[in-house]
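Here is what Swiss-Prot records for this protein:
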| type | residues | note |
| --- | --- | --- |
| DOMAIN | 30-209 | domain 'BPL/LPL catalytic' |
| BINDING | Arg69, Gly70, Gly71, Lys72, Phe73, Thr74, Phe75, His76, Ala143, Ile144, Gly145, Gly156, Val157, Ala158 | substrate binding site |
| SITE | Lys140 | site 'Lowers pKa of active site Cys' |
| ACT_SITE | Cys174 | active site, acyl-thioester intermediate |
Amino acid sequence: MIRFITIPDFADYQVILKLMEDYVNKVISDHEPEIIYLVEHSEVYTAGTNYKQEELLNYGDIPVIYTGRGGKFTFHGPGQRVIYPILNLDSPNRHKDLKLYIKMLEEWIINSLNYFGIKAYIIKDKVGIWVKVRKDEFAKIAAIGVRVRKWVTYHGVAINISTDLSKFSGIIPCGLEDSLVTSLNQLGIHVEMSEFDKIIQTEFNKIFK
């Protein structure tokens with residue numbers, strides 16, 4: 001059984017990044033067990049390896065951190081559950097297939113949202129998890145950005161629970177102009193983070209056996 005570790009309070013992004021990187025090295029060199037960090041960050045914009053500087057619009061006093069994960073700009077902050085799985089895809093019960101791993105992440109989050117009555121989708125050529133908010137119009141509810149070192153995964157998924165969505169106006173989220181963002185709260189689903197975490201853990205064990 002993989003251990004989920006909940007980081008208390010609002011965590012500094014750079015502190016968690018170092019925590020992840022250190023643990024990835026331990027998995028690679030010392031064969032430490034797989035774990036998953038559950039984090040709620042203090043406000044920060046992060047840029048993935050495919051970012052364009054013009055996609056950073058007006059960040060004000062929110063720090064901007066350039067990371068090694070895939071993807072472009074996104075926002076992390078209170079009310080958002082960020083999930084960092086550190087999994088060894090080279091272990092006997094896994095597959096050395098990054099596309100399959102991302103597909104499994106998507107299925108995991110979609111199933112978790114479905115528990116709360118939210119029908120979520122993946123959209124061709126658009127990274128992340130989406131929900132229909134109006135006819136033929138979708139909003140992103142979860143962002144995905146991962147990295148792999150010697151087949152050990154890190155970075156992960158950010159799901160908007162009760163996030164202040166106005167903060168996304170400081171960037172072009174994931175490089176998608178005119179794309180909408182949403183949250184469970186905005187969809188009328190009010191859930192405590194601890195309750196959401198229980199479902200995340202249950203659904204994880206169904207997908208990542």
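Cβ coordinates come from backbone N, Cα and C, glycine included.
Structure with Swiss-Prot features highlighted.
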residue	record	Cβ within 10 Å
Arg69	substrate binding site	19
Gly71	substrate binding site	23
Phe73	substrate binding site	26
Phe75	substrate binding site	26
Lys140	site 'Lowers pKa of active site Cys'	24
Ala143	substrate binding site	26
Gly145	substrate binding site	24
Val157	substrate binding site	23
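Confidence across the domain 'BPL/LPL catalytic' (30-209), taken as the mean pLDDT and rounded to a whole number, stands at 91. The substrate site in the record is lined by Arg69, Gly70, Gly71, Lys72, Phe73, Thr74, Phe75, His76, Ala143, Ile144, Gly145, Gly156, Val157, Ala158, and its two most distant CA atoms lie 15 Å apart. Counting in whole angstrom, Phe73 (substrate binding site) lies 14 from Lys140 (site 'Lowers pKa of active site Cys') by their C-alpha atoms.
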